[in-house]
Amino acid sequence: MKVAFETLGCRMNQFDTDLLKNKFIQKGYEVVSFEDMADVYVINTCTVTVGGDRSSRQAIYQAKRRNPKAIVVATGCYAQVNPQELAKLKEVDLVVGNTHKSELLKILEEYLERREKKVVVGEIFREKEVRNFDTVLYFEGVRPFLKVQEGCNKFCTFCVIPYARGKVRSVDLEKIVHQVKLLAQKGFKEVVLTGTQLSQYGWDKGYNLYTLLTELIKIEGIELIRLSSMHIKEMDKELLKLIVSEEKIAPHFHLSLQSGSNRILELMDRGYTREEYEEVVNFIVENRPISSIGTDVIVGFPTESEEDFQETYEFLKRIPISYMHIFPYSDRPFTKASKLKPKLPERIKKERVRILKELDQKKRQEFYEKNKGKELRALVIEENRLLTENYIDIKREGYKEVGKLVRVLI
């Protein structure tokens, strides 16, 4: 049988899809492109925004149109959070939540015997571990991504992720160290640590991200350890001092802000003020000037006034960030913010997104100009294409050795 996969949303989903692909291949299935005719289509859904829901449904419709006789399986975060909504779609044959994603192949084979529509979703908050760590390794070319943690213990008022991914579960430190050593032996120079909320790594184990990093930097052969998104209130002084002083830790940090208005930050239950956020950003940039700081911003949060938005704009304009991801607010199931009123009209949200996207382009250009004339470490990710330690993607002739870490003049 032929099986095709479509992955929506974050890298967590990409990890999970790769795990599923391997299981299907081992069972003798032929994995084909989502654009091809297949007997089974697996859509790994996203629900972080209304747009994620919409894109997930569109993928489901596309699959059934491509082959009306195919079995369509909806899994992932949308399936976990709102399974009955997906089950109502005539195009969907199976709904499998994140709790049972690792058993999807077995559930599918049971379906093949009975051909009865089924919803298989468990209680996400009962999940106690990250499953199948040995295969939770995803590659973007020569850059391996390790999922070291899953879930989030912080229930921000706008965010559905804890309901989709559960509470914090961390991979044992020894397993991660072993995996990174294997990657070093294979010649990889950079490794990316990722998770739902990386700064919560180890909370369920009695240790933390600092502990993990102090072990990983000892591994010979790995020259760059890149970190995914972190929350500034989960970064203690030990961790901050380490990331600005240790050369092996890539000077590229994604620190979600969400709003530059203290009133909105409080409504979001983010746990910090813009002044506290600025203090962390300034500490990093002052102590490691080449650092790239990325962030996330939500516009149009319920009750956000023009004054709130202007505070956000002026704050982002002032602080030394290098790029931002901008999202229009959308109500999510189970969240406190979904009950907040008044809601902002779509046209206002779109306009605020547009304004911040213009600022984002200026920030990216400013960061590039700031780095001109500097010699930086960079990984050759494709022939004549490099990614610098501080996340500048550049094209330069004469670099043929893919996977090699070099020094390059910007």
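Note that Cβ sites are derived from N, Cα and C of the backbone, with glycine treated the same way.
The domain 'MTTase N-terminal' annotation in Swiss-Prot covers 1-113 and rests on sequence analysis. Looking at the domain 'MTTase N-terminal' (1-113) alone, the prediction's average pLDDT is 95.
Per Swiss-Prot, [4Fe-4S] cluster 1 binding site is recorded for Cys10, Cys46, Cys77. Applying an 8 A CB threshold to same-chain residues 6+ apart, the list for Cys46 ([4Fe-4S] cluster 1 binding site) reads Leu8, Gly9, Cys10, Asn13, Gly52, Asp53, Ser55, Ser56, Gly76, Cys77, Tyr78. DSSP gives Cys46 ([4Fe-4S] cluster 1 binding site) a coil state; it is part of no helix or strand.
The annotation domain 'Radical SAM core' is assigned in Swiss-Prot to 138-366.
Sequence-distant neighbours of Cys152 ([4Fe-4S] cluster 2 binding site) (same chain, 6+ residues apart, CB-CB distance under 8 A): Cys159, Ile161, Pro162, Arg165, Lys167, Val168, Thr196, Gln197, Gln200. What Swiss-Prot lists as [4Fe-4S] cluster 2 binding site is Cys152, Cys156, Cys159, and the listing cites sequence analysis.
Taking the centre of the Cβ atoms of Cys10, Cys46, Cys77 as the [4Fe-4S] cluster 1 site, the nearby residues of that chain (Cβ within 8 Å, site residues left out) are Leu8, Gly9, Met12, Asn13, Asn44, Thr45, Thr47, Val48, Gly52, Gly76, Tyr78, Ala164. DSSP assigns Cys77 ([4Fe-4S] cluster 1 binding site) to a helix in the three-state reduction. Most other Cβ atoms within 10 A: among the binding-site residues Cys10, Cys77, Cys159, that distinction falls to Cys77. In the structure as shown, the Cβ atom of Cys156 ([4Fe-4S] cluster 2 binding site) sits within 10 Å of 21 other Cβ atoms.
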